[in-house]
Amino acid sequence: MGKSSKDKRDIYYRLAKEQGWRARSAFKLLQINEEFNIFEGVQRAVDLCAAPGSWSQVLSKNLNKNSGDALSSKIVAVDLQAMAPLENVIQIQGDITKVSTAEQIISCFDGELADLVVCDGAPDVTGLHDMDEYIQAQLLLSALNITTNILCPGGTFVAKIFRGKDVTLLYAQLKIFFPNVTCCKPRSSRNSSIEAFVVCQNYTPPKDYIPTMINPLLDLSYSPENKFSGSNHVIVPFVACGDLSGFDSDMTYSLEKKSLDPLQPPINAPYHTAISLKQKNFYNKVS
Ligand code: SAM
């Protein structure tokens, strides 16, 4: 698909380039904030799985909005991949499943805990739906694990979730730590996608809970037959957010304007090797 056809097919992709966001996902966090006001009073924020950095851009712009020259907030961004530098964002290239990453984050905050942790983490999609849902769930639980190490009581956690068949298991896990859990679908997230976001407010770990990096899912013997019942069966509210009369992310809009280059091309894009092999006619030789 050519650059300009993607601009036409995906209005948020186009708008992100026009407005200077590194990725269209910026609109998802902005729309979540419109609904839940998650940025209010935040002094320390962590963006887990941050590359290429549009959520960090949103945090940087919004948390330091009214502070004049002095920065009122500290933002730490973590990703497995290298990210181009971003103003007012401390970057850690690391794995969110590692305790050493939690320690690095806390040391960036001089030993203090974060008020807000966001995670738009996504593993490489395999195309096998059950597998993708499972891996996404594992990544969300890893994000929850590291969050229990770095979030202050009363803090907020926002994370991407796939609304697959075992989603109630994830809600149950989140409800152990947060009394308020809402599943929300920003307007900029395609209706055709099972992606949504959990907004978990008022972090209240169980009494005597000691944060660990052990995956809580692995400690449960859960199967689809073993359905949750009674107080373990959790139903969380589902809300749509963003201007519902605004652009529909599944629609195609005709744009007269010429296409725009990406704001931040990937560093070490995995397809570079394929392109250079193609230029050397490698694929013609092997077929
Ligand atoms: N929110 C980002 C933005 O707005 O620019 C986009 C995030 S992208 C959809 C998902 C990211 O998750 C990828 O950059 C990937 O490297 C990262 N990721 C996946 N697993 C991770 C892990 N275990 N630790 C750190 N980052 C991870």
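Using the three backbone atoms N, Cα and C, a Cβ is placed for every residue, glycine included.
Summarising the annotation, TrEMBL assigns active site, proton acceptor to LYS160. Reduced to three states, the DSSP call for LYS160 (active site, proton acceptor) is strand.
Residues annotated as S-adenosyl-L-methionine binding site in TrEMBL: GLY53, TRP55, ASP79, ASP95, ASP120. In sequence order, SER25, LYS28, LEU29, ASP47, LEU48, CYS49, ALA50, TRP55, ALA159, LYS160 are the residues of the chain that are 6 or more apart from ASP120 (S-adenosyl-L-methionine binding site) and have a CB within less than 8 Å of its CB.
For 21-203, the entry in TrEMBL reads domain 'Ribosomal RNA methyltransferase FtsJ'.
In the three-state DSSP classification, TRP55 (S-adenosyl-L-methionine binding site) falls within a helix. Look at the Cβ of each of the binding-site residues ASP79, ASP95 and count the other Cβ atoms within 10 Å; the largest number goes with ASP79. When the recorded positions GLY53, TRP55, LYS160 are compared by the number of other C-beta atoms lying within 10 angstroms of their own C-beta, LYS160 comes out lowest.
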